[in-house]
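These come from Swiss-Prot:
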type: REGION; residues: 1-46; note: region 'Disordered'
type: COMPBIAS; residues: 1-10; note: compositional bias 'Basic residues'
type: COMPBIAS; residues: 22-36; note: compositional bias 'Basic and acidic residues'
type: CROSSLNK; residues: Lys160; note: SUMO2 cross-link
type: MOD_RES; residues: Ser261; note: phosphoserine
type: MOD_RES; residues: Lys276; note: N6-acetyllysine
type: CROSSLNK; residues: Lys314; note: SUMO2 cross-link
type: CROSSLNK; residues: Lys322; note: SUMO2 cross-link
Amino acid sequence: MAATKRKRRGGFAVQAKKPKRNEKDAEPPAKRHATAEEVEEEERDRIPGPVCKGKWKNKERILIFSSRGINFRTRHLMQDLRMLMPHSKADTKMDRKDKLFVINEVCEMKNCNKCIYFEAKKKQDLYMWLSNSPHGPSAKFLVQNIHTLAELKMTGNCLKGSRPLLSFDPAFDELPHYALLKELLIQILSTPRYHPKSQPFVDHVFTFTILDNRIWFRNFQIIEEDAALVEIGPRFVLNLIKIFQGSFGGPTLYENPHYQSPNMHRRVTRSITAAKYREKQQVKDVQKLRKKEPKTLLPHDPTADVFVTPAEEKPIEIQWVKPEPKVDLKARKKRIYKRQRKMKQRMDSGKTK
């Protein structure tokens with residue numbers, strides 16, 4: 001607001017004029033040439049600007065949840081995956097009676113376009129669904145050899161929310177169903193760039209290796225000094241069952257011919273142990289029958305007694321005189337000491353009288 005000046009005799013307020021600045025005052029002060037040391041100090045003390053200057057374009061959101069009946073190890077694995085994936089969301093456990101296609105509605109309500117669903121059966125078998133909701137495709141795996149972060153206690157470590165590198169085995173590019181799984185894993189597990197909850201650093205790597213017709217997952221820390229890898233965890237193995245065209249259902253695109261269900265595996269192991277038990281019982285029965293059989297007597301071999309020498313016969317001596325009894329020295333000493341004590345007692349009693 002401009003400055004005003006009031007007249008002395010009650011007149012109206014008049015706007016005061018600002019004093020004019022000279023041309024010399026208008027000029028900025030002359031800058032002193034900074035030395036190299038001052039420039040270095042300014043650079044050192046300067047606060048760097050924000051690292052993330054880009055725009056968040058990849059809006060991938062992953063829903064990670066499970067069915068009822070999971071054990072503690074599955075729950076810890078689910079928490080580890082949520083920690084490693086800042087673009088994930090959680091939800092309550094789904095009831096076993098609900099059909100799997102209901103998960104597409106849950107994803108739509110949570111505004112998620114990808115889903116990792118853990119399905120527990122018989123409180124000992126764990127299945128994992130990877131799905132692109134709502135149009136598919138989706139893949140079903142049997143999860144084996146689970147080791148969580150708290151269980152492993154590895155020396156590796158990474159920043160929470162940092163973006164990972166994804167390393168795939170060359171075998172993923174050889175077969176079409178592995179190529180489809182590779183693209184699905186890339187879209188689900190890779191953290192979007194410039195995500196609000198992510199950190200602009202790359203300090204760990206997810207490795208996917210194919211061995212024995214299974215996918216082995218490992219998480220390693222990248223050390224800055226020599227680019228060495230130190231395992232962080234968790235670790236698990238995915239045994240592929242089927243790939244479906246739709247999300248949680250639809251036509252089957254691929255079925256693993258090498259897959260053996262856990263029920264069949266337990267049945268085979270039980271049959272092997274039963275066969276071993278039956279074999280042991282048969283051996284015992286044969287041994288009992290052999291013991292009951294009469295022993296076959298071999299004919300006497302006359303040549304067996306060729307080198308047998310008869311022992312010398314000692315003459316039999318008959319003792320006619322009764323042997324003298326042995327003297328018991330201890331009993332004899334006791335009797336002597338007993339006599340001496342009695343003699344002393346008599347002498348002492350005579351003196352007192």
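Along the chain as shown, residues are numbered 1 onward.
Even glycines carry a Cβ here, placed using N, Cα and C.
The two recorded residues, Lys160 (SUMO2 cross-link) and the residue listed as 'phosphoserine', show a Cα separation of 36 Å. Counted within 10 Å of its Cβ, the other Cβ atoms near Lys160 (SUMO2 cross-link) come to 11, all protein chains included.
Candidate recorded positions: Lys276, Lys314, Lys322. Nearest to Ser261 (phosphoserine) by Cα distance: Lys276. In this structure the alpha carbons, written CA, of Lys314 (SUMO2 cross-link) and Lys322 (SUMO2 cross-link) are 22 Å apart. Within 10 Å of the Cβ of Lys314 (SUMO2 cross-link) there are 6 other Cβ atoms, across all protein chains. Around Ser261 (phosphoserine), taking its Cβ as the centre, 11 other Cβ atoms fall within 10 Å, counting all chains. The residue listed as 'N6-acetyllysine' sits 71 Å from Lys322 (SUMO2 cross-link), counting Cα to Cα.
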